[in-house]
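Database features, via TrEMBL:
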| type | residues | note |
| --- | --- | --- |
| REGION | A:23-54 | region 'Disordered' |
| COMPBIAS | A:23-32 | compositional bias 'Low complexity' |
| COMPBIAS | A:33-45 | compositional bias 'Polar residues' |
| REPEAT | A:169-203 | repeat 'PPR' |
| REPEAT | A:204-239 | repeat 'PPR' |
| REPEAT | A:240-274 | repeat 'PPR' |
| REPEAT | A:275-309 | repeat 'PPR' |
| REPEAT | A:345-379 | repeat 'PPR' |
| REPEAT | A:415-449 | repeat 'PPR' |
| REPEAT | A:450-484 | repeat 'PPR' |
DNA sequence: TTAGGGTTAG
């Protein structure tokens, strides 16, 4: 009955196939609607080859291919049997001989599409073992490895390929590169790409498209993308609409608004029609600087081209309006989103609330929040975190606290953003107990505060004069890979200095020093004072040595005096050289102190002799009282040597005077 | 006959 609505060709195929028991069953089990839908297969255009191999029942609808050889039918039936078998191993043992490589590839792709990773690997291993494998087997298998998030395995497979023609096959290479790029290993994929080219790969447009897609998620992605585009141009590979799409997305994610616009126009000039995604990327680029005039024009242009703005387009437009401070227009657009059923979750509301809050229009944000709660919009708590921050920002701490409590009562699940928000709210409200409670919760969930929250916590602890707690928090922050702001470090260093936590102060100084941030000069001097006060003279020496020319003379004098008095005697000469090197003119008092230390420790006589020898070369000579002191104790050092050195210094002094 | 892209919102 159903068959009568179909063309005669299809009817005949059904009749013909029904002779084969294994093939007739899937077809007859189709519901009648599905069969009716399949009627397009009776049209003159043959179905995709791909499809025909996976579903042999739909094969050969064109009259020319209506009848197949027995061997062909046997293969098709074997493909189905292997695909449906519950014991792949035995199915392959039974049917492997009938199946050609291309049949096995069909099965391989079938498993991949259905995410049957176990079967996929088992089949691939079998194919390798029986040497029934082609480059397309590798290409498909590696692609699916990438989808199953196993880039290491994919790379292993690729590296194990011995046959050079397969290794350099462009589609195999593209698969590997795509697999690395999509699994966040963009740098590795670029490296491999260069290696592949050296080994003989001739990249095609797909190769470049793959690599360009990787540029989206990385830092400096835009400049990398430009390099790739230039390389493409040099190889005379034409741009197509896919590549333009990728490029636009790269521009958008790197805030390259002007460039996105240029590519968009270039694309149109070359005759490629932009689709919703192209528009969306460009619109997203506009949203970065809130250019609502351009955004409006673009959406208009899109409509004239016959495209209907979808949820993403309209939400992005809302973002543009919010960024541009057009709150009235934003409200109207939000209403439109609601009418279209595009505001079923909290996101568009949050966008607007956040924008209002950032413009200090807290009460307006609050009214949006209340409106969305009244409408019972689906929320996972994000709107709470926005409003709690908003209340904090507006100094409405009571409201913030109340909302935090509401949130705690409604949701028992905390996520990173919420915990950060709550900690910030409680810090602002001065609720130490609640802050600690939230921190414990973070600990339990193995979540760590974000950069901003760390700052707020540290500032809060400083305000409460809990400097050691602030220090431990900063240490934690540093260990988690965050770089604290210089100003915060500087103030914590001062506080720690005041409570005589000298080594902790030095540790904060070092966190800053070994980060890539620039440091203001005064900080070196500040830490130097703290270290000197704490008698951490060796550390102080390192600070002086590492910051030649950045420390004032009085500070150097203070340090040097402290060092000569009680620093490590073995480093006295080094300190002399360091302060001289930083342009400080060493005075007699310091020399006298140094000599006194050496006299007290005669076993260090080599050091004294070294100092005396070094002095004249730098224009220094000992004064008479130091000289007398040395002479008085010269038996400790060897009279002859001392006499020689002092006479050298004397000669130098005379020369200096006559000059 | 194999490989490629993409949108919003922490």
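Cβ from N, Cα, C; glycine included.
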Intrachain neighbours beyond the repeat 'PPR' (A:275-309), with Cβ under 8 angstroms and 6 or more residues off its ends: 241, 244-245, 248-249, 251-252, 255-257, 260-261, 264, 267, 316-317, 319-326, 329
Beyond the flanks of the repeat 'PPR' (A:450-484) by 6 or more, those residues with Cβ under 8 Å of it: 416, 420, 423-424, 427-428, 432, 435, 439, 491-492, 495-496, 499, 501, 504, 507-508, 511-512, 515-517
Taken over the repeat 'PPR' (A:169-203), the model's mean pLDDT: 88
